[in-house]
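Participant: Have a look at this one.
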């Protein structure tokens, strides 16, 4: 087994295309982590309006930075590993690195799903949301989405945690192996379904906030809540659409690879994996979207007597 993996390793170590690809991917991921971190430190999340959305988006920022760092250093380590002679990868190392990075991608997507649900609720019940919004609840929902995403993703990628006890040596850092193929495909299908649900919720948000006739009897606080919703929806629109597009491409590519490319060589499989997992580079795109949002007009100030109205509503 190790002899055949060493033969693949030697073929991989002299493949110039693979070297260039992982070097570029490492540079892009590390650049994204640095750029998003500096952006977060300099501007915070003030391009959003509501405090609950700001809390949720901080979790989203943190998860994007985390998986950018994980993949950046993973590819950098891979570039160094190829300099050695038959330096095989223990799959347990991949579970603690690449698979954790995949889990962060899943978790960040589910945090966006929570933000979509929060905006949807505030669109249907603006008065109730304005009176009863809770920062503690926002933190709880973000933590629940993050922890459950990590647990589910690692469970699927480790074959119900059994692969933590197995010694499997690989020539390349591929998270999909025969032992976890069913779980890996289930995770990709889950991502496709949850992305579709997120888009449906977001489209309903657009319908409720921009195409619904507002009542002339709405209170001042409710009117400002609707204004907040519109600004947040417009800010999140390019973020959600871009993430959904990249997520769909990545998930469908992983599910369809074996069906459209029969009997691929290990090198072809690995090259396809690295070329098709473009969702890893979403944080870099996110940083440019946020930069554009920061250049927009300053946030509108709430009505002066809105706080008095909240006291008596």
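Each Cβ is built from the backbone N, Cα and C atoms, and glycine gets one as well.
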Participant: Given 18-34, 35-51, which one carries TrEMBL's transmembrane segment label?
Facilitator: 18-34
Participant: Select from 186-204, 205-223 the stretch of residues annotated by TrEMBL as transmembrane segment.
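Facilitator: That would be 186-204, the stretch labelled transmembrane segment in TrEMBL.
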Participant: Does the structure show the transmembrane segment (137-155) and the transmembrane segment (18-34) touching, where I'm treating 3 or more Cβ pairs under 8 angstroms (sequence separation 6 or more) as a contact?
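Facilitator: They do not touch: fewer than three Cβ pairs between the two stretches lie under 8 Å.
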